[in-house]
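For 63, the entry in Swiss-Prot reads pyruvic acid (Ser), with the evidence type sequence analysis. Annotation source Swiss-Prot lists active site, schiff-base intermediate with substrate at 63. Among the features that Swiss-Prot reports, active site, proton acceptor is placed at 68, with the record citing sequence analysis. The feature active site, proton donor is assigned by Swiss-Prot to 83, with sequence analysis given as support.
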């Protein structure tokens, strides 16, 4: 089935506190992930919260990559949504690896076609 896009949603657990709380590290990781997947970057916006946590988005021509971190729990939620022929798992795998996730639960949603079919991807 052809779709307009693929949306990978990952729950990352057991990540390093310092990495999850480092806005520069998170931003570089997301920019690198987008480029590794072959995406064209349009905008980048990240915010550091007090006392901890980072949220951000990389807008790509093909859609977006987002993150919300909770360093105090060793947890990050990430979304990688791509349209066209880009594979969002390339970016999602790279991000999980860079954050050192000990546990990862992922689902993939085909977007733009009905009905919605949730595909459970993988758990580390």
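We count from 1, first residue shown onward.
Cβ atoms are placed via backbone N, Cα and C, with glycine included.
Overlay of Swiss-Prot feature records on the structure.
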residue : record                       : DSSP (3 states)
63      : pyruvic acid (Ser)           : strand
68      : active site, proton acceptor : strand
83      : active site, proton donor    : strand
Note = Whole-Å Cα distance, the residue listed as 'pyruvic acid (Ser)' to the residue listed as 'active site, proton donor', is 6
Key: Among 63, 83, the one of these recorded positions whose Cβ has the fewest neighbouring Cβ atoms within 10 Å   = 83
Task = Measuring Cα to Cα, tell me the gap between residue 68 (active site, proton acceptor) and residue 83 (active site, proton donor) in whole angstrom.
result = 22
Task = Mind giving me a neighbour count for residue 68 (active site, proton acceptor)? Other Cβ atoms within 10 Å of its Cβ, every protein chain shown.
result = 15
